[in-house]
Amino acid sequence: MHISPYIYALLSNLTFGIGAQIFTKFSRKISPVWMTVFKGSLACLFFFLSVMLMGGFHPIPLKYMATFILSGFIALGLGDILLLKAFADMGPGRTMMLFAFQPLIVGVFSYFLFGQAVNAAKFFSIIFFIICIFIFAFENFKKSGKWSFTSMLIAFCGMTVDAVGILITRYSFNGSNAAALEGNFYRALGAVLSFILVCGVFKINFFAKFKILTKKEIALSSLGVFMGCYLCLLFYLAAIKTGHLATLSSIAITGVIFAGLFECLFERKLPSKYLMTAFFFFCAGMYILLRY
C-alpha cells in the first residue's frame, strides 16, 4: 500500500511533539547536551536493531554512507544540542514556530541543488514570521525585563543546521537508494561521533548523570527517545526520500500545533495570549507558504 510522504511527515510531527516535551523536561533537569547525547545514542541502538531485524544492511557506495553520517553529525548532533537548549529556554511550542523559516531556506537550496521549483511569493511570509519573533521577545521582556533574542538566535541556528542536514540527507538518498532505516542508522551514528567529540572537548561525564535519575525517569526519557527520535526520524526520512522538500517543511505547521498542545497538557496550563497571537501570525505566514 502506497502511503503519501506527507502522511509520513504528519506522523513525524506528531511523535516529535510528544517527545519534545520529554526532551525539554530532562534538558532543564540535567542539560541539553546530556539529553542530546542520550537521545542520539539510544536512537542509534534502536535503528541498528531494527535494520538487523529487517534483514540486515545492504551495500551502498562509501561516498553516500559518509554523507549520511555527515548529515547526522551536523543535524542530529550539533544541531539538536542547540534545539534542546532553545526548548529549555523558550519551550517547544515557541521554538517550533521559528522553524517556519525552514521551508524558505530548504526551498532556496533545493532549487539550486535538486532543481525543485520555489515561488518567490513565499518570501512575503517572512514578514509574519518576524512578527512572531518580536512577540516572543516582548513576552519575555514583560516577564523578566530582558529580551530573549539570544534564545531565539540559538533556535534559529539549530533550525538552519537542521535544514542543512535535510539537504545532505536528500542528496544521500538520491545517490544511494538506501532504505529509510539504514539511512537513519548512519545518521544516528554520525550523531554519536559528534557526541564523542563534544564530551571530549567539554569534559562531560555522561554516565554520572544517571545517578540523579530514578528508574521511572530513565524509562520516561527512553520513551521520549523512542517517540521523538526513533519514530520521528523513521517517518520523516520516509517522507523526504520522495517528497518535495519545501512542501514537506511547510507541514511544520502541524509540528507547532502538536508541540504547543502537548506543552500545555504537560505543564497543565492554558496558552498565553502572546503565544496565541504569535500563532495567528504564524498561520498567516504558513498560509502564504502553502498557497503560493
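Just so it is clear, glycine is given a Cβ too, placed from its N, Cα and C backbone atoms.
A TrEMBL annotation is a machine prediction, not a hand-curated record.
Keep in mind that what you see is a predicted model, and the values were worked out from it rather than measured.
Quick look at what TrEMBL annotates:
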DOMAIN    5-136  domain 'EamA'
TRANSMEM  6-24  transmembrane segment
TRANSMEM  36-58  transmembrane segment
TRANSMEM  64-84  transmembrane segment
TRANSMEM  96-114  transmembrane segment
TRANSMEM  120-141  transmembrane segment
TRANSMEM  153-173  transmembrane segment
TRANSMEM  185-206  transmembrane segment
TRANSMEM  218-239  transmembrane segment
TRANSMEM  245-262  transmembrane segment
TRANSMEM  274-290  transmembrane segment
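Where the transmembrane segment (6-24) meets the stretches 153-173, 185-206, 218-239, the count of C-beta pairs under 8 angstroms peaks at 218-239. Scored on C-beta pairs under 8 angstroms, the neighbour of the transmembrane segment (153-173) with the top count among 64-84, 185-206, 274-290 is 64-84. Per-residue confidence over the domain 'EamA' (5-136) averages 84 (mean pLDDT, predicted model). Summarised by DSSP class, the composition of the domain 'EamA' (5-136) is 116 helix, 0 strand, 16 coil.
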